[in-house]
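Copied over from TrEMBL:
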type: REGION; residues: 1-31; note: region 'Disordered'
type: COMPBIAS; residues: 20-30; note: compositional bias 'Low complexity'
type: TRANSMEM; residues: 80-102; note: transmembrane segment
type: TRANSMEM; residues: 122-143; note: transmembrane segment
type: TRANSMEM; residues: 150-175; note: transmembrane segment
type: TRANSMEM; residues: 195-214; note: transmembrane segment
type: TRANSMEM; residues: 258-278; note: transmembrane segment
type: TRANSMEM; residues: 340-361; note: transmembrane segment
type: TRANSMEM; residues: 382-404; note: transmembrane segment
type: TRANSMEM; residues: 410-428; note: transmembrane segment
type: TRANSMEM; residues: 440-469; note: transmembrane segment
Amino acid sequence: MAYQNPPSIPISDPEAPEITPTHTPSTTTPLANGFSAKGVVEKIKNNLVFHSKWGELNGAMGDLGTYVPIVLALTLARDLNLGTTLIFTGVYNIITGVIYGVPMPVQPMKSIAAQALSDTDFGVPEIMTAGILTGGVLFVLGVTGLMQLVYMLIPLCVVRGIQLAQGLSFALTAVKYVRKIQDLPKSKSLGERHWFGLDGLVLAIVCLCFIVVVNGAGEKSRGCCDVVESGGGDDDLGGQKRNNEVVARSRTSRVRKVIFSLPSAFMVFVLGVVLAFIRRHEVVHEIKFGPSSIEVVKFSKHAWKKGFVKGAIPQLPLSILNSVVAVCKLSSDLFPGKDFSATSLSVTVGLMNLIGSWFGAMPSCHGAGGLAGQYKFGGRSGGCVALLGVAKLVLGLVLGTSLAHILKQFPVGILGVLLLFAGIELAMCARDMNTKEDSFVTLVITAVSLVGSSAALGFLCGMVVYVLLRLRNWTRGKPLSTIWTMKSPEQV
């Protein structure tokens, strides 16, 4: 596929006719005539409609590669209330599906999670205060319109660098999950994974190959299996031969259609659940039915201070860049016509944490990696994440924290396979950087982010390099109005 050089990725999708933007009549906008109950119901219905039943179900599994390891690790290592987290994030999933109409993910805040897993004194109160403070800042940036200004000023090549770095980081973590035995609560590798077994290399490789065969590179071809109608002929023998070819092609087409429509990620996840019970069947007796008690977390002054310094400050750059700016860019690339404002995303992330963190739910945000992963496996509507939200809600109400006993036995290699595809899909967003200057900035950000383990540091270096390149162009006589946007004088 040939890509041009506009500010968005022209991604082709075999299901493109099925993901047309939600139609909202211009004559009945809520701002003009007030909220109409019928209009609201119709919009919710359009946002939640399944474009493909198996595709949406499959897409709901695309974000579990990041969600499960982080939440499970914090549950086992820091006594995070898994039941409460499942209930609140389930509600978040349903609401975001209703509002946005695309598979908008709800992910744990990774920087806060990383700090909690590396610092034994960073407990649940500190985790929650970090979430409240981060959410409060994002909410203020959203309602004041400052987030939209940030979104407009950050160049596309800088965003692509952040996406590429985050995607490669996911992919590298996924390879580590597949190759090494993991102690998720301590975030440590314990040695080489065995080839065979219920969580062996062979199992992970088979799952990976199965997803590749079914999903390919994410773009299923339509024309390869189409049956070509043969024209009539006077030669009976030739006509019979052509009919036989048509029948053979028709059978091949049906077989391929069945294979390519399989919910690969969902099937792999179900396999992992089955293997979890087989690996330790005693886990059945450890399951307790009923929701966990939801209580207000008690905070001390020390928890607020430590949550702000060690949790909120490192998390804010990542949330602004990857949870708002990068998600806005990626959603417009994947779903043309469904452009979401940075203000809206910033406000929703802020509200999620200003509400749930008081009750012990893991601080959450949107994420470009989750959106890319759910899109990769077939998620195309808000029904995808709403379905995932219902599943989380049911599990939180029925099993509560005891679900951790099952997830602890889930094959980590399978989680690595799911995470690998999500990371690669996110990294592929950078393929529209056609100019050498754009590619240079993107790769500088990626290198600094991966080596320095800081998206904020990569962003800072990338912006400095970008400004220096623009100043260099200005000294070469280009008009000032073309420097920041990189447009030609004719375009301006």
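Glycine is no exception: its Cβ is also placed from the backbone N, Cα and C atoms.
Listed by sequence, the residues of this chain that lie at least six past the ends of the transmembrane segment (195-214) yet keep a Cβ under 8 A from its Cβ atoms are 178-179, 259-260, 262, 264-265, 267-268, 271, 275, 278-279, 411-414, 416-417, 420-421.
Sequence-distant residue pairs (6 or more apart) of the transmembrane segment (340-361) and the transmembrane segment (410-428) include fewer than 3 whose Cβ atoms are under 8 Å, leaving the two stretches without contact.
Most Cβ pairs under 8 A with the transmembrane segment (410-428) among the ranges 80-102, 122-143, 150-175, 382-404, 440-469 are made by 150-175. Residues 47-50, 56-57, 59-60, 63, 72, 75-76, 81-87, 89-106, 286-292, 374 of the same chain lie 6+ residues outside the transmembrane segment (382-404) yet bring a C-beta within less than 8 angstroms of a C-beta in it. Of the candidate ranges 80-102, 122-143, 150-175, 150-175 contributes the most Cβ pairs within a distance under 8 Å of the transmembrane segment (440-469).
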